[in-house]
Every structure is written in structure tokens, then in C-alpha cells.
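Chemist: My questions all concern the structure below.
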């Protein structure tokens, strides 16, 4: 908890692999806030679509799927999120390469996205939250108290993703991962009002070559200012 002052609503946006989820989780833990991983919510729906054989291009079926699906985030011991899909723990499975390949298109479906945004706004209403995603500061929480744009070079993001995948037991090729991230960047920057965008009021933090603890301390300094 904070020192008796109003608890903040903190928005973190940025491209895939920039480290925002890791940083957001730690910042939330340090502040005693709730961490909301919006990307995990979309990944859970993408996973269910894959299981049911629903193409990422079938917007109507995906929207219906969202209406019939329960995605729940629970606080994990490390301050992160435990992701439940219709009551099943899918925290690890949603990070698979197969899910990563379709989640950007799945998350672009308007009705699906709006349903999850309503849930996310409700979770943030009381304050004391750190939420990360692509359009948090611009659309989901436009009145957030602090807005951060977390970025890193494409090469750095690809290296991190490869390391993560290999640590989880997946095979990963650096060139293929870099191409996949570049493709996701292009998709994420062309989603209309939900596009990934660096806002004029956002505090930009480039994590290239920086340790996680350095980035966390930089963000906390901004959060503690009056």
C-alpha cells in the first residue's frame, strides 16, 4: 500500500517483448497494487479458439466465444497473475508460440475486445492497479494517473523472447522470432482506436540494455512524485 495518499491507476503500454509485463508485475508488487495483465486475457481467448478450431479470421465466431467464456485473473504468490480459462489454470499454456501467432488478430475483434475492456475498467475503478497492454493509456484507461510507454529495440525483444521460449522448453529460432515480432508490431500499430501508440503524455522508457531492477526503480520514481 502507499503512504495514505490516493492509490494510483498506472497504465503501461508498449510493443511485444519490451519487458512491460515483467516490470508491471514487479512495480505492482512493490506498491502493493493489483497487477492486471490484459494480454493474458486475450491470450486465454486465443487459446480457447485454437482448441476449438476457430480461425483467427472468423470475427463473428470469436465474438460469440468471448460472450460464452470466463477469463479470470488471480494474484499469484510472485505478484503476477494466475490465468483461469473457464476455471482451468492456463497460465503457462497461453505463452506458447501457437497462441503468440494468433493473439494479435484475435484481440482485434471489436466485440471480443469491448467485452474484455469492460472487465478491465471495472477492475481498475477503485485504483491501486498497474495494467499493461497495447491501448491501456489511450483507450482502456485514458484517465490513468501515470502513463508509461515501455519499449526496446526489435533485436533486443527477439533475443528476450527466444531466451524465454527456450527456458520453457520450446524450440526457437532468432530470425523467425524477430520476424514474428515485427509482424505483430505492424498489426498492433494498425488497429484503429485500439492501436499501439506513444502518447504525448506518456513517460517513455527504453529498456534496451537495462536490467529489470533499473527499469523498475525508474518507474517507481515517477509514480512517487506528486
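From the backbone N, Cα and C atoms, a Cβ is placed for every residue, glycine too.
This is the feature table in Swiss-Prot:
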| type | residues | note |
| --- | --- | --- |
| BINDING | 14, 15, 16, 17, 18, 19, 20, 21, 22 | ATP binding site |
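Please go over these features one by one and say how buried each is and what sits next to it.
Modeler: In the three-state DSSP classification, residue 18 (ATP binding site) falls within coil.
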Chemist: Sequence gap of 6 or more, Cβ distance under 8 Å: name the residues on the same chain that satisfy this around residue 22 (ATP binding site), in order along the sequence.
Modeler: 212
